[in-house]
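In Swiss-Prot this protein carries:
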- 8: active site, nucleophile (ACT_SITE)
- 8, 10, 214: Mg(2+) binding site (BINDING)
- 9, 42, 43, 191, 217: phosphate binding site (BINDING)
């Protein structure tokens, strides 16, 4: 019997306008009342996810920065895995002067960027956090949970991905959350590890976990869950990597909520 529902946010639970629809909110509320545990698993900063959680007025587990930080139902940090300081220092410098690529950093409760080119459209629209500018020589590289590079020049990002993988190997995990956003976290602990930790904490088998995602940064979580679905709007590479998974409706068509309703609520329509 499924007890844990793990859901990615951008491209999965959230619409393209970064909103949660009324229908999705209703389904989540019903399942919370039915004693299901929700896990919001995202590349976003913890503060961003907390604001989404608070808007729903529910208690959930949080996996933030692609697994670097994990929080329990009481909003307490129960796991943390930051990037190696030397690696973080080099990554912050590698494309700092490239005007086509924005270097972005999550450190503790802060969000730093090297420049804000409006045409990249990957900054303030995706976050409720306020970013600050950073200079590599002035930044302390401790407690950096994630570094990510955003650009409209996808070819440059793919070249950068190969360069980072070739240089650092399994010391880091490098993947795209969306085509124009290349994310780097510690190589040891990802969303899948976070789901394992939470399931173990609750005494729930991974077989009783259900997961939803749309990006390559969701792949390991989708693999470890007992049941997993990918979105119609998913990254084509994810569909190729996990061809056995069922594809559900898109994030703009309440794909997650419709699937959950079909599985858990459809026989009790009077509840809706």
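Including glycine, each Cβ sits where the backbone N, Cα and C put it.
Just so you know, of the recorded positions 8, 10, 191, the Cβ with the fewest other Cβ atoms around it within 10 Å is the one at 10. Ranking the recorded positions 8, 10, 214 by the distance of their Cα atoms from the Cα of residue 191 (phosphate binding site) places 8 first. The phosphate site, placed at the center of the C-beta atoms of 9, 42, 43, 191, 217, has further neighbours from the same chain whose C-beta lies within 8 angstroms: 8, 10, 41, 44, 63, 64, 66, 177, 213, 215, 218. Sequence-distant neighbours of residue 9 (phosphate binding site) (same chain, six or more apart, CB under 8 Å from its CB) are 40, 41, 42, 44, 49, 52, listed in sequence order. Listed in chain order, the extra residues whose Cβ falls within 8 Å of the Cβ center of the Mg(2+) site residues 8, 10, 214 are 9, 11, 12, 13, 14, 42, 177, 213, 215, 218, 231, 251. Other Cβ atoms within 10 Å of the Cβ of residue 217 (phosphate binding site), summed over all protein chains shown, number 28. Cα-Cα distance from residue 214 (Mg(2+) binding site) to residue 8 (active site, nucleophile): 8 Å (rounded to the nearest whole number).
Separating the Cα atoms of residue 10 (Mg(2+) binding site) and residue 217 (phosphate binding site) is a whole-number distance of 11 Å.
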